[in-house]
Amino acid sequence: MEANSSTISRAEEIKVLANEAFKAHKYNQAIDLYTQAIELNGQNAVYWANRAFAHTKLEEYGSAIEDASKAIEIDPQYSKGYYRRGAGYLALGKFKEALKDFQQVKKIRPNDPDASKKLKECEKAVMKLKFEEAIAAPVAERRSVAESIDFRSIGKGPSSSSVPTQVVIVPVAVAVTAAAVMLVRTAKPALVVGVLMVILVVLGILWGEVEPNYTGARIEGDTITLDFVKKMMDDFKNEKRLHRRYAFQIVLQIREMLQALPSLVDIDVPEGKHFTVCGDVHGQFYDLVNIFQLNGLPSEDNPYLFNGDFVDRGSFSVEVILTLFAFKCMCPSAMYLARGNHESKSMNKIYGFEGEVRAKLNDKFVELFAEVFCCLPLAHVINGKVFVVHGGLFSVDGVKLSDIRAIDRFCEPPEEGLMCELLWSDPQPLPGRGPSKRGVGLSFGGDVTKRFLEENKLDLVLRSHEVKDEGYEVEHDGKLITVFSAPNYCDQMGNKGAFIRFTAPDMKPEIITFSAVPHPQVKPMAYANNFMGLFS
């Protein structure tokens, strides 16, 4: 009995240490300590729920849901168990499952105002989801939103329309014709000329004349130049916005480029030349600018691959995505872009990008970005040696590069299959395969990596998707590297960022790390849904 009491006391002491680690944002250490407490006293629901919260902070939502479920199993009346599990489901966009858990929280704690608030927010999200599902057109009948946009017709300021020119050309033609007839018949031709001039001025404003008081970057004609991109970046650094006309022009142009690419893109780096790969940026625009200051702007002689998760979390995602897209439009061989798991509607709805786009641009851009994200390639191979993918490898052996090329990627990411695993999977230290700590994809060991490389005659897997203390981590006997390029992730993780340079022909990775730089006082997730307070 005394030994049992001693064990319980020791577990409580370790829990206190775990809580301190959590408060210091040392979430991996907190998880290790909560695990030690659980090993001493596995029947304490608090330990499981606390570990679930630490997993949530590391975006390990599958593990968070498992731990919270265990807490509920131990104590079905422990409201925090349902709360933590509901948060995990929300993070994965599983609103209906989350709603059930928050209803249970409300049932256990009927007078808790915070529980009531979270339940209402979740109910609102579920209702919105059902409404969107109800009004959505069948896939076969859906038209591209890009087809409804004529960027040249946009120029009257905040209220200007993106309606195609064809829609208004008939009444305008009638007006011009009537004025011409008046000019022939009237005894006062000067009056009619004046009317014509007014019409022409209105037409100029309607069809593309950006308002005179706009002082930001401008695209002259159809060509995006380096001068334009530099000016746009300077404006962004000073918290100025790009005119929607030019934002539409960039996004529409990148859509055409990406549509023409295969799902797996081969990159050739000539002998003596170098190539840089960056990981997740997550809306941290000022850190992106720092990367270019450290490593040079993208150009044909200084090409980059950004390996997914350009947006969400950070509150300058619009600035990041327009900058990357503009460089790609300026010089396609200077910038390569891969899809991450956050280039999807469900993630953007939760983690801030959708809200940011509505605030800085407009609703039509939300649809347009969603469409363009579906065009992003899923993986790249550099010089036939380095396989670059956002997430990781597969639940089955024998996947060939030709299988990846054959993926029909023009859709929202599915919840299983090759495309899902490319975007979501993570490496694990043990051999074989295991369930994903995220709740989507899987975990794969060094033996899986080795077989994939051998079967496809490759040397290295380079992926992103996970925050690392040093900005990178080498695993699987040096055959797999994770690179993450968002330092001090979400303004709280304290991690470094990294990027990796390869020089042909040997293609040995040179890892460069860097620290976060200051940014304006706009918090991460500033545009996210209200229920994201669950994770803070």
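Glycine residues also receive a Cβ, built from the backbone N, Cα and C atoms like all the rest.
Here TrEMBL flags HIS342 as active site, proton donor/acceptor. The Cβ of HIS342 (active site, proton donor/acceptor) has 26 other Cβ atoms within 10 Å, all protein chains considered.
For 242-518, the entry in TrEMBL reads domain 'Serine/threonine specific protein phosphatases'.
Residues or ranges marked as repeat 'TPR' in TrEMBL: 11-44 (among others). Sequence-distant neighbours of the repeat 'TPR' (11-44) (same chain, 6+ residues past either end, Cβ-Cβ under 8 Å): 50-51, 53-55, 57-58, 74, 492-494.
Packing against the repeat 'TPR' (45-78) from elsewhere in the chain are residues 11, 15, 18-19, 22, 25, 27-28, 30-31, 34-35, 37-38, 84-85, 87-89, 91-92, 108, 435-440, 467, 535: each is 6 or more residues past its ends and has a CB under 8 Å from a CB in it. Residues or ranges marked as repeat 'TPR' by TrEMBL: 45-78 (among others).
For 79-112 (among others), the entry in TrEMBL reads repeat 'TPR'. Packing against the repeat 'TPR' (79-112) from elsewhere in the chain are residues 45-46, 48-49, 52-53, 55-56, 59, 61-62, 64-65, 67-69, 71-72, 118-119, 122-123, 125-126, 129, 346-347, 349-350, 439-440, 531, 534-535: each is 6 or more residues past its ends and has a CB under 8 Å from a CB in it.
What TrEMBL records for 163-183 (among others) is transmembrane segment.
Here TrEMBL flags 190-208 (among others) as transmembrane segment.
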Problem set entry | the repeat 'TPR' (79-112) [mean pLDDT, rounded to integer] | 91
Problem set entry | Secondary structure content of the repeat 'TPR' (11-44), with strand meaning DSSP E or B | 27 helix, 0 strand, 7 coil
